[in-house]
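Under the heading transit peptide, Swiss-Prot lists 1-36, citing sequence analysis as support. The region 'Disordered' annotation in Swiss-Prot covers 33-55. The domain 'Thioredoxin' annotation in Swiss-Prot covers 38-186 and rests on sequence analysis. Annotated disulfide bond per Swiss-Prot: C80-C85, in sequence order. Residues annotated as active site, cysteine sulfenic acid (-SOH) intermediate in Swiss-Prot, with similarity to another entry given as evidence: C80.
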Amino acid sequence: QTLQTSSQSQFHGLKFSHASSFKSPSAPLRKNSIFAKVTKGSTPPPFTLKDQEGRPVSLSKFKGKPVVVYFYPADETPGCTKQACAFRDSYEKFKKAGAEVVGISGDSSESHKAFAKKYKLPFTLLSDEGNKVRKEWGVPSDLFGTLPGRETYVLDKNGVVQLVYNNQFQPEKHIDETLKLLQSLK
């Protein structure tokens with residue numbers, strides 16, 4: 001007999017609505033869940049995803065200027081909200097460095113629109129429903145694959161990765177590290 005509940009819980013920035021959201025810790029770990037495919041010095045795979053307004057946005061749109069691409073687990077969760085607001089609060093510093101900021105999660109465009117409006121986020125949020133881009137970039141998962149990873153990439157004006165930063169539990173550190181790198185690119 002199986003008992004199912006529809007309870008929701010949160011764990012370090014990820015919403016779980018069903019017990020089936022969890023993968024067994026004994027499940028074999030895939031190589032790409034541990035090691036990033038996109039590394040410093042590489043050119044990441046191109047993508048086109050919908051933004052918070054439902055418009056398609058391609059990575060190639062940002063060529064010619066540095067871009068900060070940050071992957072985060074989910075909208076409206078404590079760690080992700082803290083990280084997004086930290087990017088918002090430092091947004092002028094990113095603009096002064098000539099950089100664009102782009103956040104990517106598996107949430108829908110509608111969720112991103114509400115999230116951006118609620119927290120007055122001035123940058124682009126992209127919907128990677130199904131986590132295709134996350135997988136192509138090799139963004140690692142945490143906690144035996146149960147938690148989508150939090151990883152930040154800084155691409156230079158030529159689209160080459162200059163920084164890969166991963167810190168699941170201190171989201172605000174992503175801003176400090178990316179700004180340091182952007183200052184060194186000037």
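Residue numbering: from 1, along the chain as shown.
Cβ from N, Cα, C; glycine included.
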### Summary
Within 10 angstroms of the C-beta of C80 (disulfide bond), the count of other C-beta atoms across all shown chains comes to 25
### Query
What mean pLDDT score does the domain 'Thioredoxin' (38-186) have in the model?
91
### Query
Helix, strand or coil: which one is C85 (disulfide bond) in, per DSSP?
helix
### Message
Within its own chain, what residues at least 6 apart in sequence put their Cβ under 8 Å from the Cβ of C85 (disulfide bond), listed in sequence order?
### Response
Y119, L121
